[in-house]
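Trainee: Mind having a look at this structure? Questions to follow.
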Amino acid sequence: MATINIIDVKKNYGAVPAVKGINLSVADGELIVLVGPSGCGKSTLLRMIAGLETISEGHVEIAGRNVNKAEPADRDIAMVFQNYALYPHMTVRGNLEYGLKNRGTERAEINRRVAEAAEILEIGPMLDRKPRELSGGQRQRVAMGRAIVREPAAFLFDEPLSNLDAKLRVQMRVEIRRLQRRLKTTSIYVTHDQLEAMTLADRLVVMNGGLVEQVGTPVAVYDRPASLFVASFIGSPPMNLVPIDVLRAADSASSLALPAGTDMVGLRPDALLVTKPAEPSVRLDATVELLEPIGGESHLHVRLGGSQQTVVLTVPGRPDFAENANIDVFARVGAMHPFNSDTGKRTD
């Protein structure tokens, strides 16, 4: 196990900056998730940590050692990829043993590590099968097993669940978290899926345009997004972003007090209600556009007042709202997130 320090790391492709100066410390045994949209620099950053990309500026330390010039094999890390990267002509056992054999590990030690990984991942009955005989989830377990047998200082996961269907992704997400907690191995995990990030991470690193927008626990990032980007990216459905003029047009908003510089308010779908709450709220005229039943609750899409501003509410059950019906929507004042659209940052 080890700490990982990323110190003012930059990556340029010619004149194009891909990573624009990242500073991050990963504690021993911590699982950090890099999350953001395609092109934000998260996979590039991971590949620089792994040694698969050169670093333009700055440096990476693993267990206190500057590894900028170290080969990937000499960084004491193990990587799990999206595409499994298994040798098709080898059995599961052969895939698990291959790297250890190449390093000259003794046979008794190889047997011990393979047996331990097989037990942890519950792949013992599959050891003599070829990858083509396995399901996607089983192949990903084998890929993780190949990382485990190395007993590295750190695991690096590069979107390992992207090829799996929705049900299997949920199952493997739980297995990865359970595995990491059992092994207590420092881990960095890359994904574009914010739900995956929220459920796996000790801390999230939200990236955008080659920069870090926010670092924090999943709960802290969700409850207090630092920027308009984070507010719109983290959460499903995402936070509603409403111009202050739309809110102030409501009679009940005349005394609404917000920090100086606020011109945009964020409201989570559960901060908008169709019945008046006991706490302070702003009543808004709304027109129903769409109702999406999603099981035990529904997503209600409405247009506010005479504007073109649409918002999404999370409402219990399957309410009977007709399309184009006029309804009242109540915005909880205590759940408002104040932002400035010029800076993109919070104002409180």
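Positions of Cβ are set from backbone N, Cα and C atoms, glycine also.
What Swiss-Prot shows for this protein is this:
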type    : residues                               : note
DOMAIN  : 4-234                                  : domain 'ABC transporter'
BINDING : G36, P37, S38, G39, C40, G41, K42, S43 : ATP binding site
Trainee: Among all chains shown, work out which of the binding-site residues G36, P37, G39, G41 has the most CB atoms within 10 A of its CB.
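Mentor: Checking each of G36, P37, G39, G41, the winner is G36.
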Trainee: Looking only at the domain 'ABC transporter' (4-234), what is the mean pLDDT?
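Mentor: Summing pLDDT over the domain 'ABC transporter' (4-234) and dividing by its length gives 94.
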Trainee: Enumerate the residues of the same chain, G36, P37, S38, G39, C40, G41, K42, S43 excluded, that satisfy the criterion Cβ within 8 A of the mean position of the Cβ atoms of the recorded ATP site; list them in sequence order.
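Mentor: Neighbours within 8 Å of the Cβ centroid, excluding G36, P37, S38, G39, C40, G41, K42, S43: T44, H192, M207, N208.
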Trainee: Rank the binding-site residues S38, S43 by how many other Cβ atoms lie within 10 Å of each Cβ and give me the one with the fewest.
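Mentor: Per-residue Cβ counts within 10 Å for the binding-site residues S38, S43 bottom out at S38.
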Trainee: Starting from the Cβ of C40 (ATP binding site), draw a 10 Å sphere and report how many other Cβ atoms land inside it.
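Mentor: For C40 (ATP binding site), the 10 Å Cβ neighbour count is 24.
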Trainee: Check each residue in the chain of K42 (ATP binding site) that is at least six apart in sequence and keep those whose C-beta is under 8 Å from its C-beta; list them in sequence order.
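Mentor: Residues satisfying the criterion: L34, V35, G36, V190, H192, M207.
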